[in-house]
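According to TrEMBL:
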type	residues	note
BINDING	His116, His120, Asp308	Fe cation binding site
BINDING	Leu139, Val140, Ser141, Gly142, Gly143, Asp173, Gly186, Asp190, Asn280	substrate binding site
DOMAIN	29-314	domain 'Gcp-like'
Amino acid sequence: MTIVLGIESSCDETGIGIVRIESDGALTLLADEVASSVDQHARFGGVVPEVASRAHLEALVPSVTRAFESASLELSDVDAIAVTCGPGLAGALLVGVSAAKAYAAALNVPLYGANHLPGHVAADTLEHGPLPSPCLALLVSGGHTQLLRVDDLATKITEVGSTIDDAAGEAYDKVARILGLPYPGGPPIDKAARRGNPDAIRFPRGLTGPRDARFDFSFSGLKTAVARWVEARDGQEIPVDDVAASFQEAVADVLTAKAVRAATELGVGTMVVSGGVAANSRLSTLAAQRCAEAGITLRVPRPRLCTDNGAMIAALGAHLVKAGVRPSSLDLSAGPGLPVGTVSV
Ligand code: KG4
Ligand code: ZN
């Protein structure tokens with residue numbers, strides 16, 4: 001049995017996860033501690049990098065202590081350490097990477113610099129077991145919107161499509177601001193949308209024309225369309241629930257239509273949806289419906305595993321250990337723009 005410690009600090013969540021690789025290769029989640037600085041960013045309407053870095057510095061060691069307490073383990077039980085080394089905010093990543101190096105040197109265990117994006121996919125293996133090869137991952141978060149072909153979680157991931165402008169979560173956050181809803185915008189829009197009529201306003205579906213890039217996304221036109229619609233009301237009361245529902249319908253429609261088309265054209269039978277926006281109620285319902293129609297098996301991890309956390313990095317670390325991937329050297333650095341195909345550094 002092998003114990004893997006995972007450290008995540010790429011954005012505004014300090015995540016510490018502990019995963020055990022059982023003798024049959026199965027993964028067991030032993031601890032999942034998350035300290036979020038989201039409240040400190042709320043009044044700015046987005047993550048402030050310097051504030052996030054300082055919050056990571058304060059939260060990291062106490063979160064590690066809590067994780068080991070909840071797993072009833074000691075630091076000396078750790079056999080390997082995985083840390084998010086990119087992509088993300090440079091200063092925030094450096095806090096996690098520096099801590100991981102210190103723990104790895106002190107404990108004399110291998111260190112794996114891991115990519116945050118495959119980490120989101122690895123989170124699902126904690127809940128639903130090994131992924132079939134190949135599978136398609138739809139990654140939807142505040143910073144990323146991507147379609148990935150996953151042949152091997154530890155070694156072979158290929159980008160099939162991505163957003164050419166805003167990420168899906170970013171669109172939620174910006175539209176929430178337009179509607180006077182709090183940050184982060186996903187949960188309050190999701191809640192308002194459940195009361196509204198999704199057919200009230202027909203907002204544009206970006207990049208869905210016949211000549212548009214098949215698997216790429218665009219959400220900035222949608223955000224602008226919502227802003228124009230609200231402006232045109234010229235001081236009259238805004239039907240927030242209907243705008244939220246119609247916006248949410250446009251996002252869920254485009255994401256699921258493109259993902260199902262990609263899976264079908266690539267001949268892939270399983271789809272994983274992960275990242276913060278995967279917690280969205282309409283996205284999961286529509287994805288389930290369209291995947292069922294197309295004969296595709298859908299996997300969505302529980303919401304806590306969808307948003308940023310350390311368990312997903314511990315899980316990816318466990319896959320790297322199992323695949324026999326070479327550990328990182330102790331001069332590992334943060335890679336804010338790390339490409340998704342580089343699973344470990
Ligand atoms: O994966 P995540 O926790 O952090 C990043 O790596 O970005 O995703 C955060 C994003 C935010 O933009 C937030 O508004 C969005 O996920 N989000 C949602 C929901 N819950 C969180 N978007 C839509 N519906 C939700 N229920
Ligand atoms: Zn993320």
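Quick reminder: no glycine exception, Cβ is built from N, Cα and C everywhere.
Note that TrEMBL annotation is computational and uncurated.
Positions of the features from TrEMBL, shown on the structure.
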{"residue": "His116", "record": "Fe cation binding site", "Cβ contacts under 8 Å, 6 or more apart": "Glu8, Ser10, Thr84, Gly86, Pro87, Gly88, Asp308, Ile313, Leu338"}
{"residue": "His120", "record": "Fe cation binding site", "Cβ contacts under 8 Å, 6 or more apart": "Ala137, Leu139, Ser141, Ser274, Gly275, Cys306, Met312"}
{"residue": "Gly143", "record": "substrate binding site", "Cβ contacts under 8 Å, 6 or more apart": "Cys11, Pro87, Gly88, Ala167, Gly169, Glu170"}
{"residue": "Gly186", "record": "substrate binding site", "Cβ contacts under 8 Å, 6 or more apart": "Gly169, Tyr172, Asp173, Ala176, Gly276, Val277, Ala279, Asn280"}
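In the three-state DSSP reading, His120 (Fe cation binding site) counts as helix. Contact annotation for binding-site residues (Leu139, Asn280, Asp308) versus ligand 2: Asp308, each with CB under 6 Å from a ligand atom. Neighbour count (other Cβ atoms within 10 Å of the Cβ, all protein chains): 27 for Asn280 (substrate binding site). For the substrate site, whose binding residues are given in the record as Leu139, Val140, Ser141, Gly142, Gly143, Asp173, Gly186, Asp190, Asn280, the maximum C-alpha distance rounds to 18 Å.
Within the set of binding-site residues His116, His120, Ser141, Gly143, Ser141, Gly143 have a CB atom less than 6 Å from some atom of ligand 1.
All protein chains shown were included, and the count of other CB atoms within 10 Å of the CB of Ser141 (substrate binding site) stands at 24.
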